[in-house]
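I have placed the structure first, in the form of structure tokens, so that the comments after it can refer back to it.
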Amino acid sequence: MAVVLDLLANDARPRHPEKAHRPDQPIQRKPDWIRVRAPGSPGWAETNRIVREHGLVTVCEEAGCPNIGECWEKKHATFMIMGDTCTRACAFCNVRTGLPQGLDGDEPARVADAVARLGLSHVVITSVDRDDLRDGGAGHFAAVIGAIRQASPGTTIEVLTPDFLRKEGALDVVVAAKPDVFNHNLETVPSKYLTVRPGARYFHSVRLLQRVKELDPTMFTKSGIMVGLGEERNEVLQLMDDLRSAEVDFLTIGQYLQPTKKHHPVKRFVPPDEFRAYETTAYAKGFLLVSATPLTRSSHHAGADFARLKQARLDRLATA
């Protein structure tokens, strides 16, 4: 049996203790259309240095994103706030599970300084789930947004938030901080929630996105899913309809990649032509922007996509 360990303070501890009892699931060889360049360029090294100097966590590293080499080469990093330990135990996710430490009051300033040092025109801020906090970390999100606005006024801000389940008023706090894009991922179709995302509720997540538009109709909303988890095509199409009923603007669809033998297995590698078909269908259903490729991830090309998103809204208004 394989147990994934982290080396912290010279002590090995399980990264995913809740998964240690599970039988190993073989990791399939990736098809040729899922190949990426190994990180190591000068841009990557500079991004890595700035992240380390500021004592920050990135979802690029913690989630094992396949695009880290490409993004960090361009000095694009997605900062993961409120620590590196999540209170949830999703079957697809490589982020450490456990009891998190208290919030770091200096983190907003460090994130803001790193954004300025990297010269980011657009930044994505995400977080672990913090079910242990009264507001789920909403106030910390707002503090980070405020600090970035002060340190780098020209930077547009995208947040990728947890679901704030049973955190009354938390969403209002984040929306009031005025991020340019509010992203919350559904991750998968509802039939897979019990095994893939057991701590979450599908229709709560849909309602969260709908509520953002009620609070601020001008705010761009975004959501993403993974395919290859055993979902059926008709389920993905219904999910698109659910998101459009919540007036979500931007949909991302990418291939699920299994982090370790203890995680949910890849049921299928979806070929590129099926991603193109999903993209065509999603546009027909009314999304302003769709990104659907095997390597699509929520924050991949986020800055360029934000520019496209703004233009798509202007184009639609012009033809209304």
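Glycine residues also receive a Cβ, built from the backbone N, Cα and C atoms like all the rest.
Copied over from Swiss-Prot:
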BINDING   Cys60, Cys65, Cys71, Ser299  [4Fe-4S] cluster 1 binding site
BINDING   Cys86, Cys90, Cys93  [4Fe-4S] cluster 2 binding site
COMPBIAS  12-31  compositional bias 'Basic and acidic residues'
DOMAIN    72-288  domain 'Radical SAM core'
REGION    9-31  region 'Disordered'
Model confidence over the domain 'Radical SAM core' (72-288) (mean pLDDT, whole number): 95
Secondary structure composition of the compositional bias 'Basic and acidic residues' (12-31) [DSSP: H/G/I, E/B, coil]: 3 helix, 3 strand, 14 coil
Densest Cβ neighbourhood among Cys90, Cys93 (binding-site residues), 10 Å radius: Cys93
Residues flanking the [4Fe-4S] cluster 2 site, with Cβ no more than 8 Å from the Cβ centroid of Cys86, Cys90, Cys93 and excluding those residues themselves: Arg88, Ala89, Phe92, Asn94, Val95, Thr97, Val128, Asp129
Conformational class of Cys86 ([4Fe-4S] cluster 2 binding site) under the three-state DSSP mapping: strand
Where Cys93 ([4Fe-4S] cluster 2 binding site) falls in three-state DSSP terms: coil
Number of other Cβ atoms within 10 Å of the Cβ of Cys86 ([4Fe-4S] cluster 2 binding site) across all protein chains: 23
